[in-house]
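Sequence annotations record features per position, and here TrEMBL assigns transmembrane segment to 47-71. Look at TrEMBL and you will find 71-183 tagged as domain 'Filamentous haemagglutinin FhaB/tRNA nuclease CdiA-like TPS'. The region 'Disordered' annotation in TrEMBL covers 424-447.
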Amino acid sequence: MNKIYKLKFDKRRNELVIVSEITAGAGKERSTGHIADLTALSPFRKLLGTLTPVALLTGLIAGLLPAMALAADLPTGGQIVGGQGSISTSGNQMTIHQQTQNMATNWHSFDIGKNNTVQFVQPNSSSVALNRVTGASGSQIMGILKANGQVFILNPNGVLFGKNARVDVGGLVASTKNISTTDFMKGQYTLSGSGNPGAQVVNQGSLTTSKGGYIVLAGERVSNSGTVTTPSGKTILAAGKTVTLQLDNGGLTSVSVNGSVVNALVENQGLISATNGQVYLTAKGQDMLLNTVVNNSGTVEAKGLANRGGEIVLNGGDSGVVSQSGHLLADSQTGQGGKITLEGQNIHLAGGSLTTATGKTGGGEVYVGGGWQGQDSHIKNASKVVMDKTATVDVSATENGNGGTAVLWSDDYTNFRGTVLAKGGAKSGDGGRVETSSHRNLQASGAVDASARAGHGGEWLLDPTDVTIVGAGADTGIDSATADGTDIFTPTASGGQILNSSIVNQLNAGTSVTVKTSGTDTDGETGNITVNANIIKTAGTDAKLTLLADNNISTGDNVSIGATTGKLNLDLLAGNTTNNASISLGKFINISLNGGDLLADAGNSASGVSLTFMNNGKIKGGNVTLNLSRGLGGYAYNVNADNDLTINGSVTGSTGWGAVLGFTAGGKLAMNSPGSISLQANDPGNGGGRVLISGDKGVTLNAAAGTVTLNAAKAATNGVNITSGNGAVSITNMVQDGSNGMTLTNANISSKDGIVLNGTTFWGQAVVMSGVNLTTGGDVDITGLAKNLTTGGLGAASSSGVQLSGSNISSTGGNITLTGTAGTDISHPSISSLQVSNSTLTTNNALTLNGTTETTTGVKVTGSTLSAAT
């Protein structure tokens, strides 16, 4: 070590200082005026650099310099400018006696050397002492600072708490900003102004307050690599233009950071602990682009030892990046988890980071980039949010109670690859709520667990504009194993994408998943959901998948959605904010829910929606309900329910080439159409197709204002088959446009409890049956009403109530009644109210044929066999 020193004139300080003989000459020495430079000086040089020339020479001559309790190791030039008090020094300790509630002191320098102590003796814990540095040097706190009240240290050149610093106070403010004495004495605590260029507030030591106290480190750039402890109190690290504090009864009640500054930075590399308290890391940067403004690579704790955890906020303002690569912990070992909020323009949850608000009696809250669905006005919505693969957010209940709420939200781009946990308590409680969404582009391949060992699974919501559910692979633009690129905030695909395995994993855990699209954007996205990959639940208890689209829902070809273990309940809801939406199911779609219920409906009651099968689709569920105001249609599709099948809306369908168009229910089957029902299997190729309608507890087909048409090329194996195991079959309609009311061709209808066919028409045939076989153990009641015929009108001559040809009707335990009513305004020999030809009607009870008309033949029977007991 060089032990030879020389004197050098410091222009900045206007005095001589002792330096090493190898130090460069005047003008070339590094400045010692700011914290960035002060930290580079050796302790010995820093000690010497504060001495006057006389003191230096005296110390050198006496040979005692290293052992002296130098004045430079304690604050110098103290002058009380507000309030009353006294300053005294004894050896290596300075005592400041404060006699008024507020006291302001100007200092030439405010340093505390190693093994030195400054103690404030104040009237009470609510007392505040302002220490303003007017000299040109930054403050270096290397020793001990104690106070029973609150202490402000304001130095525009910077404030450094060294690694050996020990601060024990009721409250502390260290800042490069200023406050006027007048405002301070009035209790108006707004810190403003800019520090000198490069000035920082840095803590490398240990800062501690009494219970309920506070620590505020404020400037343009603020850093902690030491320990900050505020039990049941508040810790604030702030970078902004102004910082306003509200103090009351010895505590900090609120803080407001306003205005942006260039190169703002708040970072924590150490430990911040505020048990039962709050921690706020806030930076308001100007034109920061993708530069970091808030960075946590250390540990921030706001754990709860009372009823619930504390609160942690990282706020990056309107510019730059909020980076969380460390630990943010707002857990409670006795109560409910606390609350953690990360807000800013761009937010990054780096790999390995841990953000937790767990609780013994219930999970807490974590909000990253916004509130639920971006609707919380108290949380700024982020533009972009990225969560790396090994990052974790946890809001689980650890013992009892429900899981908490976790949200990842952005207005433009969310890339979710990490893990979010919101589990219910191990002993009791349901799973919590998780949302990973973006108003525009969502890439979701991460893992969510909102399961509940002793309750119901929770909910996972995904809410972009347009979104496609895809499988892993380079061709999709999303891959669960992809490492983060250099520019993490550049989308990996142009449109929103969700990895199918991410959804399946949560369904297997019993977590309900909702994929929701919202609104439109400037890229032409209109709120569509597209399913291009299989979603098959293979484990766990029952779960629910909801697809809720602002606009349309569609699937690719050969896609399967369903379950092999546990029930999967599925809601397909289209047109949440748009009218005339559609649900389009691709070729060979297979929806098989293992007993789970299916609902297809509009997103809201004011919207209309249709459902279309492209070709050979299949739905199989427990209860199947299709509320389709714009109708159900398609080619060779099958809708099957283990329990009840209900279709509200017009129904059309066709099939051929040996294919089946089928509707079956283990319970009741009901088609309620405001318009028509038309099911056709009349393609003669390969023997034609087949229409199958079956309900074990009854079949009802009701066309309130349209036709019922059931046609097939052939009967027997092919044709139309309607069966009801334990209930009646009822087919009714009314049509006013001149079409036939009800047409059954090559249809087989079988019912244990009875068959009712009721057709009404204006300008047509009411009921037309050809090649029909009706078999029942109950009554058969066929009624056809042709109304309001006018004389001479074309088509009127062929109108009638019921036309039955080439058909068989059999009842083993009931009556057969056929009633045909034709119009009363015309007379024509070819018109009969009831016409039966080449048919067989057999019953063990009564057979009644009623033809009602004034001017035409009432009942006409040709080539038929009628058999009845009475």
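We number each residue from 1, going along the chain as drawn.
Glycine residues also receive a Cβ, built from the backbone N, Cα and C atoms like all the rest.
Long-range neighbours of the region 'Disordered' (424-447) within the same chain, counting only residues 6 or more positions beyond its ends whose Cβ lies under 8 Å from a Cβ of the stretch, are 361-363, 372-374, 385, 387, 389, 395-418, 453-465, 467, 472, 477-480, 491-499, 501-502, 505-506, 510-511, 516, 518-519, 521, 523, 525. Taking DSSP states H, G and I as helix and E and B as strand, the domain 'Filamentous haemagglutinin FhaB/tRNA nuclease CdiA-like TPS' (71-183) has 6 helix, 62 strand, 45 coil. For the domain 'Filamentous haemagglutinin FhaB/tRNA nuclease CdiA-like TPS' (71-183), the predicted model reports an average pLDDT of 97.
DSSP assignment over the region 'Disordered' (424-447) gives 0 helix, 11 strand, 13 coil.
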